[in-house]
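Participant: What follows is a single structure, and I will ask about it in a moment.
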Amino acid sequence: MSSQNIYILGIESSCDDTAASVIYNGRILSNVVASQKIHEAYGGVVPELASRAHQQNIVPVVHQAIEKAGIKKEQLNAIAFTKGPGLMGSLLVGTSFAKSLAYGLNIPLIDVNHMQGHILAHFIDEDGFEKPPFPFLAMTISGGHTQIVKVENYFDMTVIGETIDDAVGEAFDKSGKILGLGYPAGPEIDRRAALGNPKAFQFTKPKVDGLNFSFSGFKTAVLYFIQREVKANPNFIEENLNDICASIQYTIIGILIDKLKLATKQTGIKHIAIGGGVSANSGIRNALKDGEQKFGWTTYIPKFEFTTDNAAMIAIVGYLKYLEGDFAEQDVVASARLKI
Ligand code: KG4
Ligand code: ZN
């Protein structure tokens with residue numbers, strides 16, 4: 001990478017996290033995230049409330065990011081922001097703010113694809129974390145995304161598989177809701193899964209051709225199973241919670257690993273990098289380690305704060321695009337369905 005001295009501010013507001021980060025060359029100087037607790041009461045993200053919270057948070061979050069980085073805003077070389085995909089109302093807050101700040105400071109504006117951000121987060125300089133070599137397969141798994149992407153270079157990426165309905169995080173969260181767990185349920189299912197028997201209950205895996213995923217049928221299968229069992233025994237959930245969680249997690253991870261196996265077979269690529277909130281799951285981490293031994297994979301998991309929605313990943317893409325002179329104009333617009 002270049003030896004220039006480049007400071008980029010990254011701004012992320014695509015869903016329910018308002019985030020800002022300053023990167024100096026490839027290193028993160030600050031990474032501030034204001035998570036919106038308000039959605040917990042609703043069991044999922046409420047778009048209208050998310051945009052409002054972004055408006056409240058964006059100025060203090062950006063201010064903090066610049067302050068923590070120990071620089072003055074006049075030292076920034078460019079402003080990078082998430083153009084999409086995401087919730088339109090949420091994206092508009094970050095986009096408009098980034099445009100105004102870049103205009104006010106008279107510095108370039110850089111639009112960033114959120115999904116590329118999740119993938120290129122692996123290129124943040126961080127001690128103890130190795131960067132994947134090209135080409136590699138990136139699997140982005142979170143409450144909003146489930147994709148397998150073939151990455152040949154920083155900006156040469158092809159989506160080779162994605163969900164046709166729910167994201168994998170939703171499979172965790174919606175199953176958790178059926179079981180009466182709080183939102184988001186992924187971490188609790190993970191914790192309980194470690195205490196249960198993964199083979200206690202069987203759920204059929206959805207049949208989806210090729211490298212695409214489907215999780216909406218899985219959620220319905222969990223619902224019908226629980227309804228049936230609770231009818232026979234009203235205490236079924238309490239008596240079997242750890243086993244149910246272990247079985248759900250086992251099935252979901254099985255679905256992800258089956259597709260990864262197929263993807264490595266089809267592409268011949270054995271370097272696998274994962275990102276997104278679900279990459280915190282211990283089941284997927286163990287399964288990847290297993291894959292290293294069984295199939296000769298090399299796997300890469302970034303530092304946790306760079307896997308969930310964050311602005312450091314937007315800042316690194318901003319930095320890479322800055323080096324290429326790839327800037328946006330002031331009339332750039334947010335795009336809810338932006339593709340890689
Ligand atoms: O990346 P993220 O913070 O936000 C987006 O959805 O974009 O991911 C949140 C998702 C939620 O669905 C949450 O349940 C899931 O990641 N998650 C987990 C774990 N930690 C977070 N799912 C399973 N096991 C975990 N340990
Ligand atoms: Zn995301």
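Placement of Cβ uses the backbone N, Cα and C atoms for every residue, glycine included.
Residues or ranges marked as Fe cation binding site by TrEMBL: His114, His118, Asp309. Annotation source TrEMBL lists substrate binding site at Thr140, Ile141, Ser142, Gly143, Gly144, Asp173, Gly186, Asp190, Asn281. Per TrEMBL, domain 'Gcp-like' is recorded for 28-315.
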Participant: With the cut-off set at 10 Å between Cβ atoms, which of these binding-site residues ends up with the most neighbours? Options: His114, His118.
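Facilitator: By the 10 Å Cβ neighbour count, His118 comes out on top.
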Participant: Mean pLDDT, the domain 'Gcp-like' (28-315)?
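Facilitator: When the pLDDT values over the domain 'Gcp-like' (28-315) are averaged, the result is 96.
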Participant: With respect to ligand 1, which members of the binding-site residues His114, His118, Ser142, Gly144, Gly186 satisfy a Cβ distance under 6 angstroms to one of its atoms?
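Facilitator: Among the binding-site residues listed, those whose Cβ sits under 6 Å from ligand 1 are Ser142, Gly144, Gly186.
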Participant: Using DSSP reduced to three states, classify Gly144 (substrate binding site) as helix, strand or coil.
Facilitator: coil
Participant: Looking only at Gly144, Gly186, which of these binding-site residues has the biggest number of Cβ atoms within 10 Å around its Cβ?
Facilitator: Gly186
Participant: Measuring C-alpha to C-alpha, could you say which of the binding-site residues Thr140, Gly186, Asn281 are within 10 Å of Asp309 (Fe cation binding site)?
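Facilitator: Among Thr140, Gly186, Asn281, not one has a Cα sitting within 10 Å of that of Asp309 (Fe cation binding site).
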Participant: Does any of Thr140, Ser142, Gly186, Asn281, Asp309 have a Cβ within less than 6 Å of an atom of ligand 2? These are the binding-site residues; tell me which, or none.
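Facilitator: Result: Ser142, Asp309.
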Participant: Can you give me the residues near the recorded Fe cation site, meaning same chain, not His114, His118, Asp309 themselves, Cβ no more than 8 Å from the center of the site's Cβ atoms?
Facilitator: Glu12, Ser14, Thr82, Met115, Gly117, Thr140, Ser142, Gly144, His145, Gly275, Gly276, Asn310, Met313, Ile314
Participant: Can you check what DSSP calls Asp309 (Fe cation binding site), collapsed to helix, strand or coil?
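Facilitator: For Asp309 (Fe cation binding site) - judged by DSSP and reduced to three states - the answer is coil.
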Participant: Starting from each candidate's C-beta and looking 10 angstroms out, tell me which of the binding-site residues Thr140, Ser142, Asn281 has the most other C-beta atoms.
Facilitator: Thr140
Participant: Cα of Ser142 (substrate binding site) to Cα of His118 (Fe cation binding site): how many Å, rounded?
Facilitator: 10
Participant: Taking the Cα atoms as reference points, how far is Thr140 (substrate binding site) from His114 (Fe cation binding site) in Å?
Facilitator: 11
Participant: Measuring Cα to Cα, how far is Gly144 (substrate binding site) from His118 (Fe cation binding site) in Å?
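Facilitator: Distance (Cα to Cα, whole Å): 12 Å.
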Participant: According to DSSP, which of helix, strand or coil covers Asn281 (substrate binding site)?
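Facilitator: Coil, per DSSP.
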Participant: For a quick check of understanding: given the listed substrate-binding residues Thr140, Ile141, Ser142, Gly143, Gly144, Asp173, Gly186, Asp190, Asn281, what is the maximum Cα-Cα distance in angstrom, as an integer?
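Facilitator: It comes out at 18 Å between the most distant Cα atoms.
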